[in-house]
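Worksheet: one structure, shown below.
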Amino acid sequence: MDLRDFYLLAALIACLRLDSAIAQELIYTIREELPENVPIGNIPKDLNISHINAATGTSASLVYRLVSKAGDAPLVKVSSSTGEIFTTSNRIDREKLCAGASYAEENECFFELEVVILPNDFFRLIKIKIIVKDTNDNAPMFPSPVINISIPENTLINSRFPIPSATDPDTGFNGVQHYELLNGQSVFGLDIVETPEGEKWPQLIVQQNLDREQKDTYVMKIKVEDGGTPQKSSTAILQVTVSDVNDNRPVFKEGQVEVHIPENAPVGTSVIQLHATDADIGSNAEIRYIFGAQVAPATKRLFALNNTTGLITVQRSLDREETAIHKVTVLASDGSSTPARATVTINVTDVNDNPPNIDLRYIISPINGTVYLSEKDPVNTKIALITVSDKDTDVNGKVICFIEREVPFHLKAVYDNQYLLETSSLLDYEGTKEFSFKIVASDSGKPSLNQTALVRVKLEDENDNPPIFNQPVIELSVSENNRRGLYLTTISATDEDSGKNADIVYQLGPNASFFDLDRKTGVLTASRVFDREEQERFIFTVTARDNGTPPLQSQAAVIVTVLDENDNSPKFTHNHFQFFVSENLPKYSTVGVITVTDADAGENKAVTLSILNDNDNFVLDPYSGVIKSNVSFDREQQSSYTFDVKATDGGQPPRSSTAKVTINVMDVNDNSPVVISPPSNTSFKLVPLSAIPGSVVAEVFAVDVDTGMNAELKYTIVSGNNKGLFRIDPVTGNITLEEKPAPTDVGLHRLVVNISDLGYPKSLHTLVLVFLYVNDTAGNASYIYDLIRRTMETPLDRNIGDSSQPYQNEDYLTIMIAIIAGAMVVIVVIFVTVLVRCRHASRFKAAQRSKQGAEWMSPNQENKQNKKKKRKKRKSPKSSLLNFVTIEESKPDDAVHEPINGTISLPAELEEQSIGRFDWGPAPPTTFKPNSPDLAKHYKSASPQPAFHLKPDTPVSVKKHHVIQELPLDNTFVGGCDTLSKRSSTSSDHFSASECSSQGGFKTKGPLHTRQCNSHSKSDNIPVTPQKCPSSTGFHIQENEESHYESQRRVTFHLPDGSQESCSDSGLGDHEPVGSGTLISHPLPLVQPQDEFYDQASPDKRTEADGNSDPNSDGPLGPRGLAEATEMCTQECLVLGHSDNCWMPPGLGPYQHPKSPLSTFAPQKEWVKKDKLVNGHTLTRAWKEDSNRNQFNDRKQYGSNEGHFNNGSHMTDIPLANLKSYKQAGGATESPKEHQL
């Protein structure tokens, strides 16, 4: 109903006339170009047939049949059961339907059709007139894309020149409505003149004076528009040529001329002679005749115009029936200004040249051109509808219709020129079995023309034979999605009887609810829309029964196969497919199968699958739907993949559908737990003895990147808790104290914690070491870390919770043995040396002493050079060791901890942190005169105890400290050497200082200026870690250039590598409190020498830059008693006395030590790594920032002025020339004795 309301402009206009209650007329109005199946009208509703049925008491079902010629393509169709009128697939084009006709009004374009209503008891003949309204389906067009106009240059302003008008096949408001001059110039304008016939002619107006010499051509665009919706338009190029002057224009004698010419006029017949005059002379008076642009192309084809004479002639045969009136516009132009215009109307008169036409349309369907009637059929049985027509007009078009000979049939007039063929009397089969007669149609022209149509009628006998179907099994095929009332086939049966006995009635059997069968004709139609997906085949029976008495019948099987159409899109079994695969699935493994169905058949159900979204991670088999992976899955990187799958069938056009696919990657337990806390396997937690049971003493925390149970972690202590002192929460990882610590529990406890996930079928685990130090305080951090390092060599299954004390006792025993052995060796060496010295002759000693005394008092450069030459010739001892402290210790068998036996190389930051930590105690004053020569002092310390004192409350280190300090002759004095790696000095400087790492603990009180190492971090709160300085293996304290002190002596101590702690902790006592306001220095009193005197070094052992070498002597200069000479003695011993070289056994040179790093800790960039333990277990070392280490190593505790050297802060200087006791700034006691290290 909506479509009808939309397209149908007017429903039922009128019921024009009823003739004998059987002829009625309906008028409908529709738009052209309607699509198929648009309802036009409803015959029973519009005629109110249901009321008529009720009045007459008729209850039989009515059949509506469109009466049409065989082979015609109907523009409309009529439902046989409902009487509804619909459009067909044949497009109704108003311009084509009414081509060549001139209509004053839009509604004059129409077509007619007839519909009969059966059965005969309620016969109706319905004449339907359908008026076709115009739609704007054509754009107006100019006759040519380029329009040329010539205008004289002397044309006056506002002169008008006609422009060929555009044509539009549409009519009314859909036709040409408006002209517009585009990109026109101000020289011209445009005006529209409307003719009495309603045509619109454009005219070009000259708005400015023209000058051909300045510009002879103007090119513009002209646009034409119609008034339809949507509006259509077109454009053309308008080219104006300015021509030379021509004063007078041609003039027609008659502007409007009307002529008549018969339609049978031969070719060449003159229609009219036009004549125009021109007042000019010569060439300006030459007139040329042309057709105007408004002349239709069909008219130009029928008539010819002589361009010179103006004669119009017939050039093709005329047909009044096609076009009765031709309007011709003729222009007369002399090539100058506006041409003259004349309109010629040519009326084509009719002649009787067309015979009548008979349109015979059967009401009773003929069989092979023959109408079968029963001999008992009543009178006035309607056989056919006959329509006669003649294309001629007036008398020539008046037609009469009659039957040629006497037969029991007659024609009954229904409308003008329309008749019904009926039986005029009862039929007698026994009298005549068959009738064949002609229907004649004749016009009234002179001479008269006629037309005939042959009608065959056969009568049927009594019923003695049953009807027989032509085919016992009728097989049909029909496409699904058909329309209701679709004609399928005509089921026919024959009966050898005649008359009533041969009148066959068809009836459907059971299981035929989808079909309608015409009882009379056997026309089988579809009463419903078929759906092949619901039912593909219908099998039912059709019964043909005659009207005999008794009636006879027969049956035929009808098999209707429904053909498939692609009306079903592929359907996925799920709108969203979800597949679950395990991670680490190999590449090209099957992930899942996409299932899709299509209810169609054949190619329409051939489904092809494809992946959308350009997903390259998966491969989809387009036919089987198997999804295979193109990658290996890793759930930790991506847990799911989502893409769309498209299914396309093979129909035309193809149909498709999509579904969503999600690939969920199931977790596989392929990741071990990762320890977050503790940050490393070498950190520790302090457990005070006052801790109460149940308190948390440490926290173990780990994460697992897997999910589900694979990420659920369980914490257990697998080793190190044999006493049951600690308990770990299996869920949180918190380590709590089970019972209050006893004194026997004091020490380092190593707990091996196993962190395992709950993965199935295989659980993964990680081991981590948790060190708990049970004590009231953790004052000596280096001691604790040394214990931790020792435990790294211990198998994980061994308990070391109380192993610190045995290590300590063992170290004390080792130290004592080493001290006793060292003392015995020194005593033996001294004894042997004394014996060797005593062998020298007294005479040789006296002479040498006299000579050396002279040089002592007044040394000269020449003697020094000579002695240097002698010293070069003589093999001097190469075994003298540089002044250094050697610390030997054993490290774990680790890639990071290598055995260390070498000299400590301190970076700049360690120097800054270490120097100034300790006071050296009172410095003895020098006893040498100013500018006196400096005797080399030889040191040999083989004391069984270290050369420095430990505070009583300092715990003894578990390391084995073996300290040996040697000062050979050539390395006694420290000069301003730039390269510290030389480990020797070439000149004297003002001050002697020494420093060590955690093992030495030496510190000066004044600020020192040290070299900087760029690789060190300057952060105060970061533990000092070893970094490589590019050019130094030791440390060196620079000289204060502005020092006002007198010449002094500097002694530099080179310590072997081995400290693993920064200088924040001496390693020999308690650590300094963090944030202490004042620096706590540990005085390091030097051990008094065994005797008051010392031996002087020979002058030839000194370097050129040597100065005073005895800042500590307090007695007058003079030789001491000479001991017995040894084989190592020289002549200098007679004067100066014996030196250490006389009795010193050969040793390692100062450079013959292995180079080792300062610390066994890995650099910061290597702090996260795996360490292998003794038993093969792997520990995760994640050195971040250990709170314990930071507690002991915070650089802030050293004061803000550390590491800077300026004029305002001086080092402690000891004048060499002052013979009095020197008192340090710290107020230490005086000491005139020599301090021996």
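In case you wondered, yes, glycine gets a Cβ from its N, Cα and C as well.
The compositional bias 'Basic and acidic residues' annotation in Swiss-Prot covers 1186-1197.
Swiss-Prot lists 143-252 with the feature domain 'Cadherin 2'.
For 253-358, the entry in Swiss-Prot reads domain 'Cadherin 3', with the evidence type sequence analysis. Here the domain 'Cadherin 3' (253-358) has a mean pLDDT of 86 out of 100.
What Swiss-Prot lists as domain 'Cadherin 5' is 470-572, and the listing cites sequence analysis.
Among the features that Swiss-Prot reports, domain 'Cadherin 6' is placed at 573-675.
Feature annotation from Swiss-Prot assigns domain 'Cadherin 7' to 679-784.
The annotation N-linked glycosylation site is assigned in Swiss-Prot to Asn48 (among others). Around Asn48 (N-linked glycosylation site), taking its Cβ as the centre, 10 other Cβ atoms fall within 10 Å, counting all chains.
Asn148 (N-linked glycosylation site) is surrounded by 12 other CB atoms, counting those within 10 A of its CB over all protein chains shown. In three-state terms derived from DSSP, Asn148 (N-linked glycosylation site) belongs to an extended strand segment. Swiss-Prot lists Asn148 (among others) with the feature N-linked glycosylation site.
Annotation source Swiss-Prot lists N-linked glycosylation site at Asn307 (among others), citing sequence analysis. Within 10 Å of the C-beta of Asn307 (N-linked glycosylation site) we count 11 further C-beta atoms, all protein chains included.
Cβ-based neighbour count (10 Å, all protein chains) for Asn368 (N-linked glycosylation site) stands at 5. Annotation comment: Swiss-Prot describes Asn368 (among others) as N-linked glycosylation site, evidence class sequence analysis.
The secondary structure of Asn450 (N-linked glycosylation site), as reduced to three states from DSSP, is extended strand. The annotation N-linked glycosylation site is assigned in Swiss-Prot to Asn450 (among others).
Spatially close to Asn511 (N-linked glycosylation site) yet at least six residues away along the chain are Phe538, Ile539, Phe540, judged by Cβ distances under 8 angstroms. Under DSSP, Asn511 (N-linked glycosylation site) is assigned to coil, being neither helix nor strand in the three-state scheme. The N-linked glycosylation site annotation in Swiss-Prot covers Asn511 (among others), and the record cites sequence analysis as its basis.
Residues or ranges marked as N-linked glycosylation site by Swiss-Prot: Asn630 (among others). Secondary structure at Asn630 (N-linked glycosylation site), as computed by DSSP, is coil.
What Swiss-Prot lists as N-linked glycosylation site is Asn681 (among others). A 10 Å cutoff on Cβ-Cβ distances gives Asn681 (N-linked glycosylation site) a total of 24 other Cβ atoms nearby, all chains included.
Residues or ranges marked as N-linked glycosylation site by Swiss-Prot on the basis of sequence analysis: Asn734 (among others). Asn734 (N-linked glycosylation site) has a Cβ environment of 16 other Cβ atoms inside 10 Å.
According to Swiss-Prot, the N-linked glycosylation site annotation covers Asn754 (among others), on the basis of sequence analysis. The C-beta environment of Asn754 (N-linked glycosylation site), restricted to residues of the same chain at least 6 apart in sequence and closer than 8 Å, consists of Tyr715, Thr716, Ile717, Val718, His765, Thr766, Leu767. Secondary structure from DSSP puts Asn754 (N-linked glycosylation site) in a beta strand.
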Asn775 (N-linked glycosylation site) versus Asn148 (N-linked glycosylation site) - Cα distance in angstrom: 118
Densest Cβ neighbourhood among Asn450, Asn780 (glycosylation sites), 10 Å radius: Asn780
Neighbouring C-beta atoms (10 Å sphere around the C-beta of Asn775 (N-linked glycosylation site)): 19
Cα-nearest neighbour of Asn450 (N-linked glycosylation site) within the listed glycosylation sites, Asn307, Asn681, Asn734: Asn307
Asn780 (N-linked glycosylation site): secondary structure state under DSSP, collapsed to three categories: coil
Neighbourhood of Asn630 (N-linked glycosylation site) by C-beta distance under 8 A, where only residues 6 or more apart in the same chain count: Lys587, Tyr588, Asp616, Asn617, Phe618, Val619
Glycosylation sites near Asn780 (N-linked glycosylation site), in sequence order, restricted to Asn48, Asn307, Asn368, Asn734 and a 10 Å Cα cut-off: none
Asn48 (N-linked glycosylation site) and Asn734 (N-linked glycosylation site), Cα-Cα, nearest whole angstrom: 97
Distance from Asn775 (N-linked glycosylation site) back to Asn681 (N-linked glycosylation site), taken between C-alpha atoms, in Å: 20
The domain 'Cadherin 2' (143-252) - residue tally per DSSP class, helix then strand then coil: 3 helix, 55 strand, 52 coil
Nearest of the glycosylation sites (Asn48, Asn307, Asn775) to Asn368 (N-linked glycosylation site), judged by Cα-Cα distance: Asn48
DSSP-derived class (H/G/I helix, E/B strand, else coil) of Asn775 (N-linked glycosylation site): coil
